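K.L.:
Here it is, the structure in full.
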């Protein structure tokens, strides 16, 4: 239906400018706008001899012939008509001659011209234009003069009828622009409708092709030649701008010249040197740019080099490796150039960009008269009419025409033109009126429009399609109508009027929009090519009325990849951007993700990834030799593309290997019959048959000669092999010797012992230690910060106090509420308001308020001080942070250094290979094992040479580092090390002459022999060069060292034995005194003669050096040992003194206890005599019986306690001995006080007693028991109570002398003795003593004046106990009697009497005598109190007194004594014999006294410690005693 190319894409026949004829003809082979006359021109050439014969045909079938000729004779020439410069001007004369020859045909053609007035009018201006036009198109025959007038008339008539159609037609005549100045007047024949000057804007229709023809034909030819010389793919490079790419292309073309596609290295160097960059930079740029490593630059590589130069000039760093996307782009473009895949459509003035030129689109529409009429619809009608004239040809042509019909969809009005010859005009009106109706008939035959319109519905969600907004899409219909192809649109000057609005449009394309845009795309894509070219886009987008810059930006955004055309999705994106722009939205600088089509989203990235993968694979195969593996290993690289088929039967070319031995063709094999064997070669079978005997002999001789020669060669080769083997063996032996020497040097090195250490384990231990220390950093920093904050707050508070004191009249300091206690403005306002309120209140009340003079200065001073403190705090914080950072850096450095030496897989492999002999030959393995055995033997020999040094070093291993430090300063080491090292013989290579080497080897052999003799216990011969005096001195030093070591060991063992015996006996451990050297030194070993002197000298020098070093080590060790012994002796002396003092105190306490018991008995007897009633006597009798029984039990308990104390003394350690001196029997009585002292035991086991009181705690060392019974909760309390009781009792009793000086004990030195003031200690001790004496003496002391103090103390204790009695939980009714029975073991009255003294003694803590015992015993105690009258025997008496200790619940009142004993400690360990520790305190009361003693070091009242640490029973017992004591005391008085 349509004769020519796609009218909807701006083809030659279309009425729109801008289509490039060459593109159309390339794709579809459609004829040019002159396609009908063009074919007529070749017809005459083909039928030149037949003009007369064809004369009738032109008249009747002129049109058909032209059409037939167009189709059959010269279809190729029609295709070339679209290429402006393909035909040479030489054809002009031929064309003119042809025309002259065909004048008769022209006459026959006349009806055609008249019938096709539009065509004739279109050709009117071409008669004068033929000469220049021929350069761009095939020759067109000149129209005879006789038809000029008719044509002009017809042209005018057509212009009147269809001016709108005729004007745009000139766009199909690219050659019109090339008119020569002489030919320009020709258009005036058109009646002035098309003046010559406006022809220039016509270039807009061919912006990409005809730009080179804008001035003249010559220029056009030159441009053609240039474009033909250097063809550059029309591909945009993303890393440079389009403008830069255009400039680089121009520069590249000018530098390359004609016929070249690459720039030589010399030219590239000259161009790059203009950048004034240094040589290194240019070298790096060349390395990066020359991706093909060919020494030449393709255009993309040249552009890359210019881009890199620009980077360097602007101060940016050059990349070491090209980014992947740049490398892939450059390589792709280079490949296209190398394969000559170029896009000629892009040969325009701006070849770097495929974007269409919107430069003059507006002007073309504004000057419609520029375009000349071209009745192209009539051409199509003519062609179709020719079909009807030739049915057979028509069918063939109809197929072609039907194939071209989709292109004609842009011109639906042309459908009726084929049916009617004279009707091109009538069908035109329907075109503008409605395009849709005309589109449907065109699309109907193709069947494409309907399904394509529905396709967008399936696309939403793929690349941002969204539903239409609720507000709808205003003016979208108007935009669609404006954009549809229609006649006469070229004459219009489009504006945005009627399309602008302010609708709300989302970024994403709506479904409705996509449907409309797809319909637009298909309307313009008449041939269903799937894209719209740039020149068509100029026309389409220009109808929107937007400015050229906006359209250019929209094109740039929509044309992804700079292809120069838009597909369906990209066209929708461009239309959407136009629609947004019309509604007031700005054009984005970058396409948002919602508008990126799926086809272009990840295309470049995926291509780049595939390229990278291929490149990496090829590099890997090239570098690793994998490309050769199939030939070597048979590994198959065949890729399997199926999940089901294994492909086992497929031929694998990757493992193919040609067999050179295999012969492809064997004639004998081909001619064999069946399975018969291959016949023998005739030459092989008959070769020996024809030879004579002489010939055979000759051959035998020759073979013999050859055999002899072969034997000779074999012998020669064997000799050479033997020589090589011997040489290799010598070299191997030499290597073995060298390795052995090096191993010997290693073994003889002084630090060889360190090699045995497990470096990995040590490294791991160091890492753990480093990690632990590093973990402590935050904690320490936090503590430091807390301390800093506390200091700052304290300083601020101190300043407030000082300021208030210095300025008493100043206003009250303002309390700051700001951060860090800062005073804010609100605080000042509040303070002023408060002051004003106070003044007003005072004024109302008539008072007067003094306002300080420096009211304003106070806050200032506070603020300054606050700022000062804060500044100092910040400085300290910075210092802490700096310390933290430095410590972390240091730790990191240490960790890195530890990691550096860590073994890796390679080193581990090497170690296993060369140390464990894995994976080596047998000979090498044997050699390695031999070396290891020799190394072990060498270590053993070195240890034997050192003698017993190692044994002595083990006890003092901790001091080893000290000795090493002491060694280093001595200069003798360096002096002796030199001979030692030389003697080691590790420098074999240093000897040059054979004699020296022989002497050296001999020396080494002698040395090894001496070592072996020493290992066997034999005396090695004297060292060469060693005199008798030196040898004697050395041996004397060795004997002395051994003797010292033996004596030190004996002394140490003796000291341990004595200490153990002393502990078992309970006496002070004897101090081990160093024994004088009594043993005579052993006689020097007899010297064996018979060894060379030189060897003796060397051995003597080496041994002397070693002896000196060992001597220094021994001296250091001896010094440290002496110091340890001295300190141990001092400690033992102190312990002995303490034991002696403890014994004396125990004796005194025992005597005091006995006297106290006697006094209590006397008091009981007096009380019993005072009572006349029989009831009291019975009670006394019962009490006496109970006391007797209790006395027996008490005696047993005291014996047990004594044994336990002895055991404890024997097993106690030096450290804990002084702390737990009191017997455990007594300890229970003072549970609370003991705990206080026990806490201080580690520092100062013995409480720092004042001079007045001897340090009692050191009576007996019970640390062993403490260790065994540390799980007992009462252990601490009991031990301390015993200590306290002993100390308190010691004071009242004059018999025990106070200890000379407690400080002599090293443990005392460590204690906090100095912490407690002497006065507090003395008072506490006195209170404790008084309490104990009261408890011992019972009522007797209370009656005496001297015991008043004790009574007071006791009373004070009770007072404190009363306060804490609630804690005890003992029964209150029986508390008095129970206390009495517990404390005094006799009647109740004596206890009250003892407690009568109610004068509180601050120093004495409450007597918590029964910490561990349960309360039950108190009840029975009351009866015992009543029974006191019968005087129990003295032994029983003492036990009752101890009863003060809380008895175990089970025993009745009498058990009180029992309870005292058991209560003392947890029953098992506590029971200590009364004698030693004071089971003495058997009367638990002493423990109260003891309680103060522990409190002494702490300086706190003993009662407080008693409350905290003592048992509840003690407190309650004291409370009861107090009440009873008060009453009884008064009665007694």
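Positions of Cβ are set from backbone N, Cα and C atoms, glycine also.
What Swiss-Prot records for this protein is below:
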- 690-890: coiled coil (COILED)
- 1026-1209: coiled coil (COILED)
- 53-136: compositional bias 'Low complexity' (COMPBIAS)
- 143-170: compositional bias 'Low complexity' (COMPBIAS)
- 177-193: compositional bias 'Low complexity' (COMPBIAS)
- 345-359: compositional bias 'Low complexity' (COMPBIAS)
- 360-378: compositional bias 'Polar residues' (COMPBIAS)
- 393-410: compositional bias 'Polar residues' (COMPBIAS)
- 649-664: compositional bias 'Basic and acidic residues' (COMPBIAS)
- 1090-1164: compositional bias 'Basic and acidic residues' (COMPBIAS)
- 1173-1203: compositional bias 'Basic and acidic residues' (COMPBIAS)
- 1221-1237: compositional bias 'Polar residues' (COMPBIAS)
- 1279-1293: compositional bias 'Low complexity' (COMPBIAS)
- 1348-1367: compositional bias 'Acidic residues' (COMPBIAS)
- 244-333: domain 'EH 1' (DOMAIN)
- 277-312: domain 'EF-hand 1' (DOMAIN)
- 513-602: domain 'EH 2' (DOMAIN)
- 546-581: domain 'EF-hand 2' (DOMAIN)
- 1500-1517: domain 'WH2' (DOMAIN)
- 1-204: region 'Disordered' (REGION)
- 345-378: region 'Disordered' (REGION)
- 393-423: region 'Disordered' (REGION)
- 649-691: region 'Disordered' (REGION)
- 894-917: region 'Disordered' (REGION)
- 935-1306: region 'Disordered' (REGION)
- 1334-1533: region 'Disordered' (REGION)
K.L.:
Restricting to the coiled coil (1026-1209), what is the model's mean pLDDT?
P.N.:
78
K.L.:
Report, as numbers and ranges, every residue of the chain located at least six residues beyond the region 'Disordered' (894-917) whose Cβ falls under 8 Å of a Cβ in that stretch; write 'none' if there are none.
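P.N.:
Tertiary neighbours of the region 'Disordered' (894-917) are 759-760, 763, 766-767, 770, 924-925, 928-929, 932.
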K.L.:
List the helix, strand and coil residue totals of the domain 'EF-hand 2' (546-581) as derived from DSSP.
P.N.:
25 helix, 2 strand, 9 coil
K.L.:
Could you break down the residues of the region 'Disordered' (894-917) into DSSP helix, strand and coil, giving a count for each?
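P.N.:
So the region 'Disordered' (894-917) is made up of 17 helix, 0 strand, 7 coil.
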K.L.:
Could you tell me how many residues in the domain 'EF-hand 1' (277-312) are helical, how many are strand and how many are coil under DSSP?
P.N.:
25 helix, 1 strand, 10 coil
K.L.:
Using DSSP, what's the helix, strand and coil tally for the compositional bias 'Basic and acidic residues' (1090-1164)?
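P.N.:
The counts are 72 helix, 0 strand, 3 coil.
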K.L.:
As a quick check of your reading of DSSP, tell me how many residues in the compositional bias 'Basic and acidic residues' (1173-1203) are helical, how many are strand and how many are coil.
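P.N.:
Breakdown, helix to coil: 30 helix, 0 strand, 1 coil.
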